[in-house]
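Taking it in order: structure first as structure tokens, then the write-up.
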Amino acid sequence: MDAAAQTSLVVSEDRRHPANVICALCRLFYANNWVTGTGGGISIKHPATGHIYIAPSGVQKEQIEPEDLFVLDGVDGAYLRAPAGHRPSACTPLFLACYRARGAGAVIHTHSQHAVLCTLLFDDVFRIANIEQIKALPSGRRDAAGKPLSLSFFDTLEIPIIDNTAHEEDLAPGLEAALARHPACTAVLVRRHGIYVWGPTADRAKVYNEAIDYLLELAVHMHRLGVPPDCPIGEEKRFLRR
């Protein structure tokens with residue numbers, strides 16, 4: 001593929017094009033303090049071509065432009081575009097694992113402080129229940145017509161936690177094992193590191209990431225009060241620290 005063809009993969013006036021969405025989300029996530037210091041990453045699969053777009057490693061997320069992005073073939077994972085002067089994302093093996101195992105349309109990786117704190121408070125699985133925001137997340141269940149169902153207010157959200165490794169790419173086996181153990185989960189926490197969140201589209205992945213971060217932050221506050229995040233309704237005062 002010549003230079004012009006490679007450039008055409010990432011240059012588009014369509015604001016919904018994956019290259020433009022990645023740049024916009026990187027700026028938003030930086031403003032939310034989720035991807036500071038070049039940390040974190042994001043990938044989106046083009047709904048029409050199946051090409052996989054990935055933000056590079058080592059680039060300040062709020063400064064990323066479409067020309068900075070890597071593009072992979074969605075079938076064999078071969079690089080269709082590798083911009084000079086940039087390193088492929090160390091998250092790439094994990095993004096690909098989510099695409100394979102979950103049929104995801106987008107994957108988000110942040111270094112949210114709320115995510116890191118919750119990995120210190122829970123062992124193998126983060127749990128929170130009976131909170132309205134849970135309803136923004138998928139349950140893994142479907143109705144009689146096959147339509148995906150969201151979690152209900154009375155459901156418990158469970159997110160598996162895996163241990164961190166010295167190198168990002170070495171997280172892939174642990175993430176794949178967590179996906180197999182928790183077939184309904186839409187996120188995996190990485191201890192002392194951050195979180196991976198995915199969804200069927202970039203819009204859904206964004207919503208899931210925002211909802212989960214809200215719940216993680218709430219869980220930290222509940223823990224400070226002595227209230228378990230999965231506390232049954234009506235028993236909160238029994239746990240409150242005086």
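Each Cβ is built from the backbone N, Cα and C atoms, and glycine gets one as well.
Cβ neighbours of Glu132 (active site, proton donor/acceptor) (same chain, under 8 Å, six or more residues apart in sequence): Phe153. Among the features that Swiss-Prot reports, active site, proton donor/acceptor is placed at Glu132, with the record citing sequence analysis.
The substrate binding site annotation in Swiss-Prot covers Cys91. In three-state terms derived from DSSP, Cys91 (substrate binding site) belongs to neither a helical nor a strand segment and is classed as coil. The Cβ of Cys91 (substrate binding site) lies under 8 Å from the Cβ of Gly41, Ser43, Ile54, Ser57, His109, Glu168, each of which sits 6+ residues away along the same chain.
According to Swiss-Prot, the Zn(2+) binding site annotation covers His109, His111, His193, on the basis of sequence analysis. Taken residue by residue with DSSP, His109 (Zn(2+) binding site) is part of a strand. The 10 Å shell around the Cβ of His109 (Zn(2+) binding site) contains 31 further Cβ atoms across the protein chains shown.
The Cβ of His111 (Zn(2+) binding site) has 19 neighbouring Cβ atoms from other residues within 10 Å, across all protein chains displayed.
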